[in-house]
Amino acid sequence: MADSENGGAAKRLKTDAENDCGDAGEPVSDSLVSDFEISRILRDCAREKNIFIHGKVKDQDAVLILEKTPIRQDTLSELLKSSQLKLEMKNDVYSTYQLQAPAHLNEIKTTVVCPATEKHVKKYLHQEVFLVEESGEDYRNLTLPYISSQCFSVQWVHNILGKKAEADRIVFEDPDPDTGFVLLPDFKWDQKQLQDLYLIAIVHRKDVKSLRDLTSEHLPLLTNIRSKGEDAIQRQYSVPPSKLRVYLHYQPSYYHLHVHFTSVEYDAPGCRVERAHLLSDVIQNLQTDSSHYHNRSLAFPLRADDGLLLKFKEAGKV
């Protein structure tokens, strides 16, 4: 599935098994939800209208993510005409109601991660967050050995690149092995309105994990992603480059280079200064100094349960 700060959320139910691939529109079993046995709430957010639940499906650990979908402008008229109102309060010119919408206008975007590992559960569990400043030396001595020692699977990324999964969702592809990429919607975007537009460009190269690996050698790749990605989005969605926020995460949520394209109107998870690096800035920095991201200090947030935070604490860096 395309990147997900929250692991993504699909309009269909989708398991996270590495080799379990399927296409949108395929029939799914309601038992994934009806058989879900709740163990605990990992996290919930009233502002973002989502909830993350840990439980079991047929004796397998699972994480269930429920998220209310945005109200769509193209269905507003139908929503207002076909819904029922229940009065809650009236005072002078002000009144509040519970609006009961028809089922097809009141969908809940649902993601199922099953079987879920301990790492999945920890990923979605609410945790205290710390800001870490990592020097180039810290990356080589602490971060890179830690990353290399962990089993961070990107098989689902390889499934996309190899057209074994989600081929129908690809908006654009440049197949060049050195400068090419695929562009597809992130699962946080339901593709029903442009205000929260969110696409991911995943590079074909498998030798670049993150921002730290980039040098001037990769400038053709990065400029190609920017120009062709922006062109594809303008053609497909009529959104010009001036309406896009194009950036990389550090630390990334998975270690295969990818670039985020979001609407500037959307306060996307991870788009703030402590984690997001504008692609235009990255390109300019590498044009000035090929070793910029090998040497400079980079700050990023880590959750209290992150093993990398422990490494930094043990080294006296936090």
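These residue numbers are counts, starting from 1, taken along the chain as shown.
Glycine is treated like the rest: Cβ placed from N, Cα and C.
On a predicted model such as this, the values are computed, not experimentally measured, just so you know.
Your range for region 'Disordered', going by TrEMBL and the list 1-26, 53-78, is 1-26. The recorded positions under consideration are H249, H258. Their Cβ neighbour counts within 10 Å are lowest for H249. The binding-site residues considered are Q251, S253; of these, S253 has the fewest other C-beta atoms within 10 angstroms of its C-beta. Around L257 (substrate binding site), taking its Cβ as the centre, 26 other Cβ atoms fall within 10 Å, counting all chains. Here the Cβ of W156 (substrate binding site) has 21 other Cβ atoms within 10 Å, regardless of which shown protein chain they belong to. Cα to Cα, D186 (substrate binding site) and H258 (active site, nucleophile) are separated by 12 Å. Within 10 Å of the C-beta of D186 (substrate binding site) there are 23 other C-beta atoms, taking all protein chains into account. On its own chain, Y255 (substrate binding site) has I147, F152, V154, K209, S210 as residues at least 6 apart in sequence with a Cβ closer than 8 Å to its own Cβ.
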